[in-house]
Amino acid sequence: MTHLVVVGASLAGLRAVEAVRRDGFDGEVTLVGAEEHLPYDRPPLSKEYLAAEECPDPRYREEETFAGDLDVELLLGTPASALDTAARTVTVGDRTVSYDGLVIATGAHARTLPGTEHLEGVHTVRTLDDAIALRAALRGGARRLTVVGAGFIGSEVAAVGRKLGLEVTILEALETPLARAVGERMGRALTHLHRRHGTEVRTGVAVEEVLSADGRVTGVRLGDGTEVDTDVLVVGIGARPATDWLEGSGLTIDDGVVADETLAAADGVYVAGDVARWPNALFSDVAGGTMRLEHWTSAADQGGRAARHAVDPAAAKPYETVPYFWSDWYDGRVQFVGIAPDDGDEQIEVVAGDDAQGGPFTAIYRAGDRIVGALAVDMPAEVMKYRRLIGARKTWGDALELAEQRRAQRAAKAQQAAQQAGEQRGEGA
Amino acid sequence: MRINVDWDRCTGMGMCESLAPDVFEVDDDGSLILHTEEISADQEAEVREAVAACPTEALSLEGPIDA
Ligand SMILES: Cc1cc2nc3c(=O)[nH]c(=O)nc-3n(C[C@H](O)[C@H](O)[C@H](O)COP(=O)(O)OP(=O)(O)OC[C@H]3O[C@@H](n4cnc5c(N)ncnc54)[C@H](O)[C@@H]3O)c2cc1C
Ligand code: SF4
């Protein structure tokens, strides 16, 4: 194994090249990226990057790090356009790059509303360039923000809009936002967070037409004929895996590049990050088939794994993980670990706080006799304790026991705090 | 071997705790508690995983591993 090629220069791609170098791999390493930018962190782009007075620099590493410490050849600014798994080559512009091992980490592209791509005032949030444009739009005197899609990224942008003092409306096609990600009941609970902060959420509505004047968005017309005026329209309707360049490569493409349990998509070809679909053995008994995650943590993790497997296929091991994502809404944090089985709400138990008003609360998810998921709003101490149980395939009974312990611990802490406060008052008197 | 926490970066995400609960714990207010700063040889593997998993890259390791 002498030449590792990594296509996609973002989180998964960066972690891929770093992992093999840390292990002492001394072959050639090439990192190919479609964007001009050095690898950068995406989660801030819908959060601090828009909200903060000063933009934090989202790049992970300096340019020198790649040439120096990592000894990685960077090919930025031109997408890979073809893969030949028989000849083991990747086409990048007019170059043909040979590989011995390949990592595909091309992530995903934001979905758009067809026909609106060139309208001024219409934005998606996936790339740094997107975020720069949206930041300017939100701060350029806009009064009304409309977000199509009540997913996590759309919700974060809505929260930033409120923070900046805009009137914000979210339009969601489903009756319950995020039902697929967290289940119906929890989707409703999260929607309360928006309403509590003055964001209007309209569910079960279809965007019929985007209205514009002089090349600039002015509003949207809904399925029932009503019109919503807006200055800025953010399209947050999800992402589609970046697999177009793999057409004709012979790889199996099905909403992502399909791989086996070791992340192998073909001989010497491994996948990582938002583009990767693989069978996560941890949940094979409760949720068969493959999964594709669009989460920071799994992209980072898979990047390292895929690259290690690519340089040493004989040592490849099944990759299993407890998915984790977070999302920052208003001043709070939503955290989810595991999977949300789609069997309905009787599978969910709120073990701390109250979901009726949108939190703080913690809820756990059951499938069969296992705990398979946990969701917390503004309870940062809780979900990671359940993540361990999920990873160790613990039972529902174990999870309820932990919930009981945590209740007792929180109660003891609260009592202690009350006592201390009482003593301080006593001293003060 | 010692753990370094960049407290300006840490946002209490807790990935570290889920991988190495003897070393890291997130408190109710979202602040990170370090149960120990010195890492023993048998903790090294999971602490390395925790360092790699931190979404804010707030953790690093320094120094040799104690026997
Ligand atoms: C705005 C935003 C907010 C987010 N917030 C959170 C969050 O709060 N919590 C969380 O857990 N996750 C969050 N995520 C998800 C997380 O950022 C992604 O899971 C992660 O970026 C995936 O990394 P990746 O390397 O797989 O793919 P990507 O980051 O999508 O990168 C893929 C790269 O490959 C490049 N590329 C595509 N095609 C080609 C080609 N043919 N040739 C060469 N290069 C190509 C692309 O230009 C891109 O740079 C967020 C994502 C976004 C966009
Ligand atoms: S994973 Fe990182 S951000 Fe989260 S608590 Fe640990 S150190 Fe802090």
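Here the Cβ of each residue, glycine as well, is placed from N, Cα and C on the backbone.
TrEMBL assigns the feature region 'Disordered' to one of the listed ranges (A:56-77, A:100-121, A:408-429), namely A:408-429. DSSP places the residues of the region 'Disordered' (A:408-429) in helix, strand and coil in these numbers: 21 helix, 0 strand, 1 coil. The helix, strand and coil residue counts that DSSP assigns across the domain 'Reductase C-terminal' (A:324-397) are 14 helix, 35 strand, 25 coil.
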